[in-house]
Amino acid sequence: MYKSAINIVLFCPEIPNNTGNIVRSCTAFKANLHLIKPYGFFLNDKRMVRAGLNCWDKVQMFEHKSWEHFIETTPPNKAIWLLTKSGTTTPDQINMQTDNREQLYFVFGQETKGLPQTLMEQYSQNQVRIPIWNPVRSINLSNTVACVLYEYAKQNHYFNLDKQCA
């Protein structure tokens, strides 16, 4: 397994295919994955397992029974960023370099409802958006996660991942 400074947090994910695809992305970029219950599926859902391919034994995945449990069981020195279309910060404006020594947690809401208003208010200064063309309402959850992970890898000179594939 690996140790990572970046954490992807899915708040009550609803679509198994998205979660499976996010497992693959987290594995590819060596990111930790946190799932906050309740889910809209079972973890053994065949659609999720298929979308995760052969990454299930490689991903660092943590389950949390609630938001409160997540806060209690993760390190106190963490930066929590919420992904939302109304965010004022873009991923490139966040210092994601691993020498920052701070654990980064990027929280993604439900596919149909987003994040609860209470969280949006609590973290109003830590909201991130992926810039997209205005007529488009949103992009797929797993694509949004991939955008954040790519920026993380870019800021860290891709961790020599490209050289490992040559």
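Glycine too: its Cβ is placed from the backbone N, Cα and C atoms.
If you look up Swiss-Prot, you'll see Leu83, Gly109, Ile130, Ser138 marked as S-adenosyl-L-methionine binding site, on the strength of sequence analysis. DSSP assigns Leu83 (S-adenosyl-L-methionine binding site) to a strand segment in the three-state reduction.
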For Ile130 (S-adenosyl-L-methionine binding site), nearby residues of its own chain (Cβ under 8 Å, 6 or more apart in sequence): Leu83, Thr90, Pro91, Ile139, Thr144, Cys147, Val148
Recorded S-adenosyl-L-methionine binding residues, Leu83, Gly109, Ile130, Ser138 - maximal Cα separation rounded to whole Å: 14
Nonlocal neighbours by CB distance (under 8 Å) for Gly109 (S-adenosyl-L-methionine binding site), same chain, sequence gap 6 or more: Phe11, Cys12, Leu82, Leu83, Thr84, Leu115, Pro116
